[in-house]
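Have a look at the structure below, then the notes.
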Amino acid sequence: MFISWTRCWKAVQYVLYVCPGSLMMEIKPALPSLNSVYDPDEWSQHIKLHLMDLLSRSNLKNNMVTRFENQTTMHEFLLLAFNIKSGRVLLFSFLLLVYLVTLIGNLLIIAATYFDVNLHSPMYYFLSNLSLSEIVFTTNIMPNLLNTTLHGERMMSQGSCIVQYYMFSSSTTAECLLLTVMSYDRYLAICNPFHYSSMMTLWICLQLVLWSWIAGFMLSIIEALLLSQMSYCGSTVIDHFFCDLVPLMQLSCSDTYAIEMTDFVLSFPILVCPIIFIIVSYAKIISTILRIPSVTGRKKAFSTCSSHLIVVCTYYGTCIFIYMTPAMEDSFTLKKVLSLLYIMVTPLINPFIYSLRNKDISMSFIKLSKRLKGL
């Protein structure tokens, strides 16, 4: 029986470097006994047979490794965004304008809260952190959306997609918790005004804000890790303008039960419990305001929390409609448009709502503009 010694040497290398233990244990019993009489032909025949067996195993292993590498190669997803052929430049200009106004408006609130001593209070400290979460929220998605709108479809790697979803989920969770903290602050200010300063100290404010951010980043990492362990096969087209959880699960060929249950469980501390807490807080706030005898007092008390109430209704109303209604084909385009409003419009109008309905912030903006002109 003829066998190429070059191929034999490859088989030997396979034994020495790939599987030095397990296969040699299989070969050793098949070789002639060392106690038997040495027969060169017999030994040569055994060696040739087993080297051919090793060679076939080596080829099989190489094929399996190649197939495994092909399956685990990092996938790229194709984001369609708003696939329009005409008016692309006009839409890009509009989105860019909205993004810049959003950044400037929220940065002005942060700057005003930092530089104006009159705004060094718990309510404005929470508001500045809410503006920071809005900046992180929009900056995570809008630059990529602008690029996709101007140049058409865009490829994103699986890793980039998961990171984008993680930052989206983290900033969203932090914003939900910050809105809840702000409602608690308004509840204490209106329902317990005499104990407000002792209950809402600087240390408590720092802890509430810090834990809101920590909870946002820690809770969101669970879903991000589950997404990174999923396999994606077949179509890689995401009919959305950012990497959201549902489109990614639809492209996965893995079992999505674990991540669906995780998302359901996390919705309680992130969405359901904050909504219940906010509703109860404002029910008590409204009840307290209605008991104020003077009309002027009622108006003044309601004006301190009306801005926050408008933001909460806008934010949670859009969020609930997008993520808690059944996924239907004919409503997906509507949900995509509402997602754009949720991501773009809500962070845009928040600075205007708080500044137009709050004289302190309006005056602080005027002082800040004068300071900037003097530089």
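Cβ atoms are placed via backbone N, Cα and C, with glycine included.
In TrEMBL, the annotation transmembrane segment applies to 124-146, one of the ranges 32-54, 124-146, 147-169.
Per-stretch counts of Cβ pairs under 8 Å to the transmembrane segment (337-356) identify 89-112 as the leading one among 89-112, 124-146, 202-222. Sequence-distant neighbours of the transmembrane segment (264-285) (same chain, 6+ residues past either end, Cβ-Cβ under 8 Å): 172-173, 176-177, 179-180, 183-184, 186-187, 190-191, 215, 219, 222-223, 305, 309, 312, 316, 319-320, 323. Model confidence over the domain 'G-protein coupled receptors family 1 profile' (105-354) is summarised by a mean pLDDT of 88.
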